[in-house]
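Novice: Sending over a structure as C-alpha cells; questions will come in a sec.
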Amino acid sequence: MARRRRKSKHDEHMDESWLVPYADILTLLLALFIVLFAASNVDVQKFQKLASSFNNVFRGGTSFLEYESPVPVEIDHAAIDNEKEKEKQEQEELKELQKKINTYITENGLDLSLKTRLADEGLLVTIQDGAFFDPGSADVRLDDVKLAREISELLVMNPPRNIIVSGHTDTVPMNNHEFKSNWHLSVMRAVNFMSLLLENNKLDPRLFSARGLGEYEPVATNETAEGRKLNRRVEVLIQPNVEQPK
C-alpha cells in the first residue's frame, strides 16, 4: 500500500513575504510624490487623479502606470513650425548656391570634371580626380591651383556653413613609396585640397574637416575603367545650417 504523504504546514500557504518590501516601495513612492507636489504649484485636479491612482494600487486595483499621465506632454507647435520654415529656407539658399556653382562650371567648360547634387545632407560638389591630381599622387597639379582657388571663392557664404572634404579611390591596390594603401591616398588628397581652399582667408578653418574613405563608398562599378574613373574623386559637402535635435 502506498504511503500517504504527510502534509506540511507550509503546503496550505503561499510564501507572501515579498508583499512587505513591495508595500514599502509603494509607500516610499507615494511619499516622494507628495513631497514633489508640496514643493510645486499644486493643481488640485491633477493631485486628485494621482491620489486616486495610488488608492487603486493599495486596494489591489489597476496600477497607476496604466492611467494617462496626470501632466500632459506639451508640444511646442510654434517651435516645430519655425524649425520647418528654417529648413525650407536653408534648402532654398542651397539651391541658389547650386545654381551659382553650376553657372561657373558651364562657363568654364568643366561639365566633365565637376558636378553638383542637392541631397538631404547638403549640397555635394563632386570633383573627378583627373581635374586636380596625377595618378597615384595627392599633390594638386600646379596648373590647377588657380581652379581650386576659384572654387574656394564659391564657398564664401553668408551665413557660413560647415564643409566636409572627402577623398575617394577605386579598388586598384595602392602601395608605393609614398602611400601604403588607398586609405592613405584618399586622406592626403582630401587634406591637400582642403588646405588649398583654406588659403582663402575669407573661409573659416573651424568650419572645415577632411576625411579619407578609400575605395569603400563607390558611386559606380569598379569592374570597368569608366566606373573606376568615376570612383576616383574628391567630394565637397556643404552642410545646411539646421540645428540638430537634442
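Cβ coordinates are placed from backbone N, Cα and C, and glycine is handled just like the others.
Whatever TrEMBL says is automated annotation, not expert-curated.
So TrEMBL lists the following for this protein:
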COILED    77-107  coiled coil
DOMAIN    120-242  domain 'OmpA-like'
TRANSMEM  20-39  transmembrane segment
Novice: Looking only at the domain 'OmpA-like' (120-242), report the model's average pLDDT.
Specialist: 95
Novice: Tally of helix, strand and coil residues over the domain 'OmpA-like' (120-242) according to DSSP?
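Specialist: The composition, in the requested order, is 42 helix, 26 strand, 55 coil.
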